[in-house]
Amino acid sequence: MAAEREAGRLLCTSSSRRCCPPPPLLLLLPLLLLLGRPASGAAATKSGSPPQSAGASVRTFTPFYFLVEPVDTLSVRGSSVILNCSAYSEPSPNIEWKKDGTFLNLESDDRRQLLPDGSLFISNVVHSKHNKPDEGFYQCVATVDNLGTIVSRTAKLTVAGLPRFTSQPEPSSVYVGNSAILNCEVNADLVPFVRWEQNRQPLLLDDRIVKLPSGTLVISNATEGDGGLYRCIVESGGPPKFSDEAELKVLQDPEEIVDLVFLMRPSSMMKVTGQSAVLPCVVSGLPAPVVRWMKNEEVLDTESSGRLVLLAGGCLEISDVTEDDAGTYFCIADNGNKTVEAQAELTVQVPPGFLKQPANIYAHESMDIVFECEVTGKPTPTVKWVKNGDVVIPSDYFKIVKEHNLQVLGLVKSDEGFYQCIAENDVGNAQAGAQLIILEHDVAIPTLPPTSLTSATTDHLAPATTGPLPSAPRDVVASLVSTRFIKLTWRTPASDPHGDNLTYSVFYTKEGVARERVENTSQPGEMQVTIQNLMPATVYIFKVMAQNKHGSGESSAPLRVETQPEVQLPGPAPNIRAYATSPTSITVTWETPLSGNGEIQNYKLYYMEKGTDKEQDIDVSSHSYTINGLKKYTEYSFRVVAYNKHGPGVSTQDVAVRTLSDVPSAAPQNLSLEVRNSKSIVIHWQPPSSTTQNGQITGYKIRYRKASRKSDVTETLVTGTQLSQLIEGLDRGTEYNFRVAALTVNGTGPATDWLSAETFESDLDETRVPEVPSSLHVRPLVTSIVVSWTPPENQNIVVRGYAIGYGIGSPHAQTIKVDYKQRYYTIENLDPSSHYVITLKAFNNVGEGIPLYESAVTRPHTDTSEVDLFVINAPYTPVPDPTPMMPPVGVQASILSHDTIRITWADNSLPKHQKITDSRYYTVRWKTNIPANTKYKNANATTLSYLVTGLKPNTLYEFSVMVTKGRRSSTWSMTAHGATFELVPTSPPKDVTVVSKEGKPRTIIVNWQPPSEANGKITGYIIYYSTDVNAEIHDWVIEPVVGNRLTHQIQELTLDTPYYFKIQARNSKGMGPMSEAVQFRTPKADSSDKMPNDQALGSAGKGSRLPDLGSDYKPPMSGSNSPHGSPTSPLDSNMLLVIIVSVGVITIVVVVVIAVFCTRRTTSHQKKKRAACKSVNGSHKYKGNCKDVKPPDLWIHHERLELKPIDKSPDPNPVMTDTPIPRNSQDITPVDNSMDSNIHQRRNSYRGHESEDSMSTLAGRRGMRPKMMMPFDSQPPQPVISAHPIHSLDNPHHHFHSSSLASPARSHLYHPSSPWPIGTSMSLSDRANSTESVRNTPSTDTMPASSSQTCCTDHQDPEGATSSSYLASSQEEDSGQSLPTAHVRPSHPLKSFAVPAIPPPGPPLYDPALPSTPLLSQQALNHHIHSVKTASIGTLGRSRPPMPVVVPSAPEVQETTRMLEDSESSYEPDELTKEMAHLEGLMKDLNAITTA
C-alpha cells in the first residue's frame, strides 16, 4: 500500500510542472506497483512475521549541489544585470528564481529571462523614487522531481540612485612639495562611478595623486603642474553629474617653518574580510613631514609587506583584510620640528562560514535523527533550516538543539528530502545541505550509524536471521504517570518466559498524530522504560515490541495513557516594553496575559544589570513600574512573571534597555606629565573607570597654567579616543599646572587634581643615558634607612628620575623610582640589625645610567635614638616617649553588601574641616567573634574612611581605628559593629541520607544537615525526587520543608523502585545549590505488612487497593496460564474453603454457648454477691466466694449523680490492675483500610507539612522509645490507683474504638453503640495530639476477640448483662489540675467521675523485646490473677486523650448490645436506692484513702 500511495503521488497534473515525472518514469509505474507489494513485509515484521525482503537494495545518496551561487551586485538604472546560478544533479535540475521570497514568473516577463545555465538576466534595470521593481534579494531554487529541492544563498541587487553631492571641492593652495586634498563626497552607492578632471581634462591617477574610496582626491609632493581647475564627475548610466570647479594654487617654498596640520585625520571604519581598507592621513607642513603608521604599539612595515601600502599623502591601504587586521591604528607625522599623531579603529566583520556541515543520513521510520551544523562569523550568525526549499518551523517534532542543530523526532516517510542549514549575519549568508533517506524496516542501514542517530534508535538496525520471533509482551502498564514523563513496565512474552536475551522497543505517538516515535531499552532483559519530554494533559498511545536475534516480534495491544495536567498558571504578559526616563531610571510596561487561568493577583518584575548574574525582583500590582536608583548609562534586562492563585506563570522574553547618559562622575585616571624639552610637556592619562563614564566619552578638556597664582588658564580639547597630548610653546624653566576632565554629550565631568611639571632651562641631551649621581649618603635607623643624593655633575643630559634599589646583601630585591627633582628618600619597613645594600641610578627615556652603591646596617630594637636627617644629637642621648594621640571618634560601620562594609570616623586632632595636611595615617582593624579565637585583620588608610572587603555574608564584625603620626600613635577607638547582608547559600545541604520507615515500605525518611555555607538564616528546604536522575529538574517532584526541620517523610512511593533525591536550601536572598543526587530503592512488598498504605495482597478487602508488587511480580495463574506450567487443583481449593467455613462456625457456636452459660450463672448469685462484697457491677470477673473479693478500686457505676467524699476504705487488701499483652503482630487485627485512608487524608490536610509521625522540635531530635503496657500492683497497706490517659505515637498495635472517645464538648462519658473491648498500650512520649487518637480508631468489624483468658462473671447486672471496662477523658477539665485522675467506664448509664490519686510505688519490670509488655511487681506475678482492670498511666497535670484497654474475654457484638439494652431497662427504684447507698460509702472510703 505504501508503494501504491507513492505511485499515486507521482500521478500529478501537467499544470504542476515541478512535481510531474518525466515520461519514461510513467512507463515504470506498473513495475513500481509490483515491486512495492513486498514493502508491506516491513509492517508485517512488526506483527511477528519474518522479513519478506531482507535482500532489498539500498538507495544511494544523490549528488545535488550548486556549482555557482548568486552574489551581491551593484547596478545603475537602465543597465543590464546577470545573477549567476548553476546546480549539478543527475538528472539535471529545474532552476527557478525567487525575489524577496516569492517565485518569479519568468515566462511572462519581458525584462527578466532564465539563461540555459540557470542564471537570471535582467535587461534595462528599472529604478525610480516610487518604483523599484528590480532592487531586492534574489535566491536561486533548484528542484529534481521525486528527489528534492535546494536553495542558494541570498544575493542583494542594489540599484544606485540619483547622484547627490554632500561635499564639493573648494579653492585651496599648496606649497611646492607639500600635500593637498580636494573633497568630493557623493552617496555611497555611486562612489565607484566618480572620476576627476583637471582643467576639463580627465585626471590621470598615479602614486602621487590618488582617489580615496570616499571620492576625495589627494595630491602629495605638489608641483607647479598640479595647479588648475578641478571638478569631480559622477557617471551612473544617465547623464553625467558635475560638481563645482575649484582652483588649486601651487605656491613657492616660503623657506620658513610651517606648523604641521592635519588636512584629513584617519576615521574609524568597518570592513568585511577580503575587502580593501584605506585609512586616510594627510598632513601638511614645512619641512614636509614623514608619515609612519603603528598598530598596537608596533610600527607597521609598509615597504616589504605586500598587503600594507603607503599611498599619497601618508594614507594606509590594507588589501585583502583579515580578522587579524582589526585594531587601533596610529598615524604619526614628524618633520623634525614637530610631531603630530592621530588614531582610528578598524573593525573587521566576517561573513558566515561552516565549521561543520550537515551530513547525509540513512534512517528508519519512527527513529530520531539530528542534523549537525556548526557555524562561525562576526557578528555571530543566526541559523535557520530549510527542507526541500521550505523553512522548517520548530515544533514538537522539529527542534533546534545546541543552538544550531536540527533534531527530527519520530521520522515518517514524508520527512525524506534535502535539508539545508542557512547561516546569516549583517555582512552575508551561506548555506550547506544534506540528504535524508528513510529505508524500509526490513532494509538494514548499510553503514555504521552516524553520530546524528540517537542512541535509543539504533538497536534494531542489524539484519535479522531466520528463526522464531517473540510474541507480544504481556501486561503493559503505566506504573508512573507524571506531567511530562511516563514509566512503562511489562512482562516477558509468553513465547519466552525468561526473556533474558530480549530487547524491547516502545513505540508511542500522540493521539491524533500519525508521527510515531520509538524508545529502546538500554540493556537486554530490561522490562521498563521511562518516556521523557511529554506534554502535560495529553493522551499518548504506547505499543511494546520484543526483539531477539531473529528480528522483531509481535506488538502489544495499544495502551492509552494521559499525562497529568499541570497547574493552570498564567501565560506570559504580552507587549512588554522598557524605556529609559533618566540616567538612573527605567520604566517598564506590559499588558495582562492572554491566558491568565484565573484572576491575576500580582506581577513580579525581574531586572538584572548586563554582565552580572545577580537578578533582582520587585512585586508590582499594576501594568507598569518605574525603577529608580539604577546606574547611569548601563544596560539592564527586564522580564515579567504573572502570578495567580496557583503560583508564578510563564516569564516574558527579556527586553534590554540602557539608561540615559550623563556627565562623567569621576575624573580621568593616572594623569602623568613628561617634560619633553624646554618648551613642551606631554600629558598622559587614562579614561575614567567604565562605571563612572556615564556615557560615550567624546573628548577630554585639558586646562593648564603657570604655577603662579594669577596666571591665565589655557584650555585644549582633544577627541575621546586620544589619551595623550603634547603641549607646546611653553616658557623655559617654568613650572606649569595641568588638569584633565572627560566630556560626554551631556557635558564635562570633574577634573583631576592639578599636577605640576617644570620645563627644562635649556634643551638637554637625551640621546644617551645619564651619568652617575655625584654623591650618595645613607642614614640607618631601626626599621628604615634615609637615602640622600646629589644629581650627576653633567647637567646637559636629561634626567627624568632616579631608581633606588635595596635589599639584604643585594640591591636587586626591591626597586623604587622617584622624580628627578627629589634629593632624598626614606626606605621603610626594614628589618632591624640587618645589612642592606643600596644602589642609586639616574634614568631618562634612553635608559638607566651607571649605578652608585652604598651599604648600611639598621639599628637594633634596643636603640630608640631615631635621629632626624638634619638634626645631629649625641649618639646615646635618651629620647623621651612621645605623647600619645587622641583616638578617632564617631566610628561608624555602613553595610554596603554581603562582603563589604565602609568604616568612617572623625579625628578631633584635625581642624574643623577635617582636612589631613600632614603625614598621619590610620589603622583599621576588624574581626568577628565566631569562632572565638579569630585574629584581627588590619589595614592602613590616609583618609577618614576605609572600605573593608572580602567579608563573610551574614556575619557580625567589630571595628576599631587607631591614628599614627610619626612615632606617635593613639589607642584603639571604641568599637563599631556591623553585620554583612545575607547571600544566597553557596553550598548545598550536607549529609543527605534516605532510609525506609520501619513497617511502612511506601514511606521513606529523608535526613540532612544544614549547608556549611548558609550565608544567612535558612528559611526552608526543597526536596526534589524522581525516578530518573537525568530528568530535567522541572520534571522532578518537589516537597517543601520549613527551615527548622532537618528530616521529612515522603509517603505513597512505588515499591521496588529506585528514587533519586536532591535537597536545596533557601534563605531570604534566594535558593542555594542542590545537593548531589542520593539514590534509594524502595523495598519490595511483604505479605506480613499490615500497614494501611502497604497491604499484602491477601488482606485487600472492600475499599482497599491492591499493592504495587513491582515490575517483577508474577501472579499465580491456574491451568495452562500459569507461568511455570503448574496448575492448581480445584479439589485443594474447595477443601480449603470447607475447612475455613467449618472453623468459623464452630468458633461462633462455642462463643455463644460460653456467653449464655456465664450469663445464667451470674444471674443466680447477683444479689448475694452484691450484698456481701460491697462491689459495684463492673468489668472485673471474680471466681470464688466472698472472701476472694478485692476491696473497691474506684471502678464503680452511678446514675446521673456526682461523687461525694468517703470517710474510709472498707477493705485494706491491695488491688492489682493488669492488661493483656499481644505477643506478635498477628494477635491484633489491623484497622480497616478504607477508614484509615480517609482519616489519613484528613490528617494530612490538618497538619500541613508534618508527617504522621513527626514530632516537636525537641522530641524529633531524640530517639523513640518502645511502647509499654503498665498494670497496677499496689504495695502499701493502703493502695491507691493512679490512672491518667496518655497518648501513644502511632504504634501499629494500638487500636481505638471509634465510639469509645469522649466528646470534646462534654465532661461526662456516654455509652458506646458497640461496647467492644479495646486493646491498647502505653507510650513514654510526652507528646499528645487528639488527632492521633481519631486517626487510629478502627472499625467495629475488625476488633479482636481475645482468647488468652476466659472466665465466668461473678458480678452481673440484674438481667445478667456482661460488661466491659472503658476509659475516656474529658477535654474540658481544669487546666490547672495537678493530680492524675482515674476515669471509670460503667456498664450501665451512670456518670463517670475523677478522684485524685497518688501513683503507686515500686519499680516496674520492662522487657524491650516485646511490642508491648506489662509491668508487674514480683508479688503480682506470683499471685493468681482473679480480676482484670483497665487504667492509663500518664504525667501529672496534663490532659491526654483516652487510651482504652483490651479486656481478655468479650462476647459478640450483637449479644453484647442486647445485654446492654437489657441492663439499662432492668434497674428498679429500690435497686437504685441501694446503689446510691453503696456510692456514698465508697466516697467515704475514698476520703479516708486520700487523707491517710
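Every residue gets a Cβ built from N, Cα and C, even glycine.
So that you can see what the record holds, here are the features copied from Swiss-Prot:
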- 63-158: domain 'Ig-like C2-type 1' (DOMAIN)
- 163-249: domain 'Ig-like C2-type 2' (DOMAIN)
- 254-347: domain 'Ig-like C2-type 3' (DOMAIN)
- 352-437: domain 'Ig-like C2-type 4' (DOMAIN)
- 472-566: domain 'Fibronectin type-III 1' (DOMAIN)
- 572-662: domain 'Fibronectin type-III 2' (DOMAIN)
- 667-762: domain 'Fibronectin type-III 3' (DOMAIN)
- 772-862: domain 'Fibronectin type-III 4' (DOMAIN)
- 887-986: domain 'Fibronectin type-III 5' (DOMAIN)
- 988-1085: domain 'Fibronectin type-III 6' (DOMAIN)
- N84: N-linked glycosylation site (CARBOHYD)
- N221: N-linked glycosylation site (CARBOHYD)
- N337: N-linked glycosylation site (CARBOHYD)
- N501: N-linked glycosylation site (CARBOHYD)
- N520: N-linked glycosylation site (CARBOHYD)
- N670: N-linked glycosylation site (CARBOHYD)
- N746: N-linked glycosylation site (CARBOHYD)
- N940: N-linked glycosylation site (CARBOHYD)
- S1209: phosphoserine (MOD_RES)
- S1225: phosphoserine (MOD_RES)
- T1229: phosphothreonine (MOD_RES)
- S1432: phosphoserine (MOD_RES)
- T1435: phosphothreonine (MOD_RES)
- S1463: phosphoserine (MOD_RES)
- S1465: phosphoserine (MOD_RES)
- S1466: phosphoserine (MOD_RES)
- 1072-1128: region 'Disordered' (REGION)
- 1205-1237: region 'Disordered' (REGION)
- 1266-1300: region 'Disordered' (REGION)
- 1321-1396: region 'Disordered' (REGION)
- 1-36: signal peptide (SIGNAL)
- 37-1136: topological domain 'Extracellular' (TOPO_DOM)
- 1137-1157: transmembrane segment (TRANSMEM)
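Segment contact is absent for the domain 'Ig-like C2-type 4' (352-437) and the domain 'Ig-like C2-type 2' (163-249), given fewer than three CB pairs below 8 angstroms at sequence separation of 6 or more. The recorded stretches the domain 'Fibronectin type-III 6' (988-1085) and the domain 'Ig-like C2-type 2' (163-249) do not share 3+ CB pairs below 8 A when only pairs 6 or more apart in sequence are counted, and are therefore not in contact. Annotated pair N746 (N-linked glycosylation site) and N670 (N-linked glycosylation site), C-alpha to C-alpha distance, rounded: 23 Å. Within its own chain, N221 (N-linked glycosylation site) has G177, N178, S179, R208, A288, A312 as residues 6 or more apart in sequence whose C-beta sits under 8 angstroms from its own.
Of the two recorded stretches, the domain 'Ig-like C2-type 3' (254-347) lies close to the domain 'Fibronectin type-III 3' (667-762), with three or more CB pairs under 8 Å once pairs fewer than 6 apart in sequence are set aside. Neighbour counts of Cβ atoms within 10 Å were taken for the glycosylation sites N520, N746; the minimum is at N746. Ranked by CA distance from N84 (N-linked glycosylation site), the glycosylation sites N337, N501, N520, N670, N940 have N520 at the top as the closest. Model confidence over the domain 'Fibronectin type-III 4' (772-862) is summarised by a mean pLDDT of 90. For the recorded site, N670 (N-linked glycosylation site), the DSSP three-state label reads strand. In the three-state DSSP reading, N501 (N-linked glycosylation site) counts as coil. Note on N501 (N-linked glycosylation site): other Cβ atoms within 10 Å of its Cβ, all shown chains, come to 12.
Closest by Cα distance to N520 (N-linked glycosylation site), from the glycosylation sites N337, N501, N940, is N501. Long-range Cβ contacts of N940 (N-linked glycosylation site) within its own chain (separation 6+, distance under 8 Å): Y921, Y922, T923, V924. Looking only at the glycosylation sites N84, N337, the densest Cβ neighbourhood within 10 Å occurs at N84. For N670 (N-linked glycosylation site), the count of additional Cβ atoms within 10 Å of its Cβ stands at 10 [all protein chains shown]. Recorded residues N501 (N-linked glycosylation site) and N670 (N-linked glycosylation site) have their alpha carbons 76 Å apart, per Cα-Cα distance. For the pair N670 (N-linked glycosylation site) and N337 (N-linked glycosylation site), the C-alpha distance works out to 28 angstrom.
Mapped onto DSSP classes, the domain 'Fibronectin type-III 1' (472-566) shows 0 helix, 49 strand, 46 coil.
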